[in-house]
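A.B. asks: Pasting a structure here, questions to come.
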Amino acid sequence: MPAWGFGSYLLAMDERTYELIGASYPGNRAEDVKNPGLGWMIGFLFVVSFLGLFSLLPLRKVMIIDYKLTYPSGTATAMLINSFHTNTGAELAGKQVHCLGKYLSISLLWSCFKWFFSGIGDACGFDNFPIFGLMLYKSSVFVPGILVTGGWANRREGKEQKEKVKTAIMSVFEIHLILSVHAFVSRFYFDFSPTYVGCGLICPHIVNCSLLLGAIISWGFLWPFISQHAGDWYPADLEGNDFKGLYGYKVFIAISLILGDGLYHLIKRIAITLKEMCNKSTKLSNLPVTAEVLDGKGSKLLMEQRRRDEIFLKDGISTWFAAAGYVGLAAVSTATIPLIFPPLKWYLVLGSYIIAPALAFCNSYGTGLTDCSLASTYGKIGLFMMASLVGSNGGVVAGLATCGVMMSIICTAADLMQDFKAGYLTLSSAKSMFVSQLIGTAMGCIIAPLTFWLFWTAFDVGSPDGPFKAPYAVIYREMAILGIEGFSELPKHCLAICCGFFVAALVINLLRDMTPKKISQYVPIPMAMVAPFYIGAYFAIDMFVGTVILFVWERINRKDAEDYAGAVASGLICGDGIWTVPSAIFSLFRINPPMCMYFGPSSSS
């Protein structure tokens, strides 16, 4: 985790990024520059990286046992470990290991095959496969005037065909419907990712369907609707990552949904805890599974789950220990960070640490559902808010530093819960997992800056013409500059739409809790819906493909699906993950893929 930020908020402070934006850019001051230094980077990581480990430690039972969150990466890791160390069910275990190895090899070979055609840049490879045709693939919801851009009415197929099209879209409703379908198809593509297909096999069907619904709402309806108002609600000539344009809607609407869903569950959990504490007849240590079952298989599963619960909770990590650790580290960090970043005053750092656990809970909850951490999104909102509070006199540096603080805490907390999930499924000691995280984080606080410093001294990092361009550094600095002006600089109606989605998240959760189970099981999950809003629709398609495969598999042979779906999913995820190691080595030695596969129209005869 400590490697977060070396290509974004840390580089955004340096002199090169300041020069790339230009001294004439409003709000870009020469005083708001802090070049990378090995000493201060190591010190900064040490004072911020450990807080996330303590922030959600008291809630590990809630996240893993009570909510039974999936944490697909942690589950896949656990299944991989269990497949080699199980002592029961030797015959089934052997078949599961064979299945896992088979699909791990397939995933690894497929990732290697894709790499050979990925070329240089973003337009090559299977990730850009135009499944629905070139016309729809090239269309973009960001382009104003989308009704006549890549749509039906713009085809050159003769007057007769155009008249048919005009007849088909006579009503206003039909126009908007075609617009939405057009954007839906042009943005929805299958990028052949084994990882996300595997996650789809592990995650519950309602999570995958919620992801797809969120993708349809955002990329199919909302973004096309907002893009129609380019030139009115926001300037039409902005780049895709400008907060004053459509990008601002994407980030803040996603944040509003996340906060609405996460805070609802946080308040709900606090209320339940207080109720249990007031009820003397309820013991807080009771395990959630106590029902007796009579059938042999069900009893065996119940005993296995109860054993996991007991081992997971046996090494009790005191709530007081977690609270004391967080408060102590926050105190040290509150005193230290202003020495590293003078514009970020101690009371602002303290305020960040007060709200960070709530945001860490929201992100960890979402990661448990979808395997997608939105720590960078929370970091951006912290950046924007802190830059607004500090103002023009140091707001850029203060905002970027706050971004690093929030990302460190929120991401580390989610990673710890992933590891707790793996430990829970492998019957590992929770205390050992926590200590291992402490050791690994300490190592990362030293190794990550040293690795970055190696690149910083050997290459022209951040240069637009160099091998390591670091484009996010410019984006983050421009976000901080925008934050100085406050929410008034956001595009028109952005805050109003955000409030609507915040309320919608609360209402949906109330529906899930208040309606009968036969109805609530079909109510979507807001935290799952939000991921495609910001990340994109492609991974929702991948995960939905995984859930369709599992659904069909369960209908054909439910027992085989129960026995082998986890092994298949783990193999797909692990194989794709293993390929990142040789891919990173190739990149380090500047070995580029030999071919760039792209698609273009056939030449007219």
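Here, residue 1 is simply the first one shown, and the rest follow in order.
For all residues, glycine too, the Cβ spot is worked out from N, Cα and C.
Quantities reported herein were computed from a predicted structural model and do not represent experimental measurements.
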A.B. asks: When you get a sec, could you say which of 116-134, 135-153 is annotated transmembrane segment by TrEMBL?
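C.D. replies: Going through 116-134, 135-153 one by one, TrEMBL gives transmembrane segment for 135-153.
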A.B. asks: What residues elsewhere in the chain lie close to the transmembrane segment (317-340), defined as a C-beta under 8 angstroms and at least 6 residues from its ends?
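C.D. replies: For the transmembrane segment (317-340), the far contacts come to 40, 43-44, 47-48, 50-51, 53-55, 57-58, 60, 346, 349-350, 353, 357, 401, 405, 430-431, 434.
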A.B. asks: Please work out whether the transmembrane segment (438-459) lies in contact with the transmembrane segment (565-589), by counting C-beta pairs under 8 angstroms that are 6 or more apart in sequence and asking whether there are at least 3.
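C.D. replies: No, since the transmembrane segment (438-459) and the transmembrane segment (565-589) share fewer than 3 Cβ pairs closer than 8 Å, they do not count as touching.
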A.B. asks: In the same chain, which residue numbers or ranges, 6 or more beyond the ends of the transmembrane segment (531-553), come under 8 angstroms Cβ to Cβ?
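C.D. replies: For the transmembrane segment (531-553), the nonlocal Cβ contacts are 127, 187-191, 193, 195-203, 205, 208-209, 211-212, 214-215, 217-219, 250-251, 253-254, 257, 366, 370, 372, 374, 377, 560-561, 565, 569.
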A.B. asks: Sequence-remote contacts (6 or more beyond its ends) of the transmembrane segment (38-59), Cβ cut-off under 8 Å?
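C.D. replies: Apart from its flanks, the transmembrane segment (38-59) reaches 1-2, 10, 269, 317, 319, 321-323, 325-326, 329-330, 332-333, 336-337, 340, 353, 356-357, 360-361, 364, 404-405, 408-413, 415-417, 434, 437-438, 441-442, 444-446, 448-450, 452-453.
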A.B. asks: Can you tell me which parts of the same chain pack against the transmembrane segment (346-365), counting only residues 6+ beyond its ends and a CB-CB cutoff under 8 A?
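C.D. replies: Non-local partners: 51-52, 55-56, 59, 63, 67, 69, 258-259, 261-263, 265-266, 326, 330, 333-335, 337-338, 373-375, 378, 382, 386, 389-390, 398, 402, 405-406, 409-411, 413-414, 417, 527.
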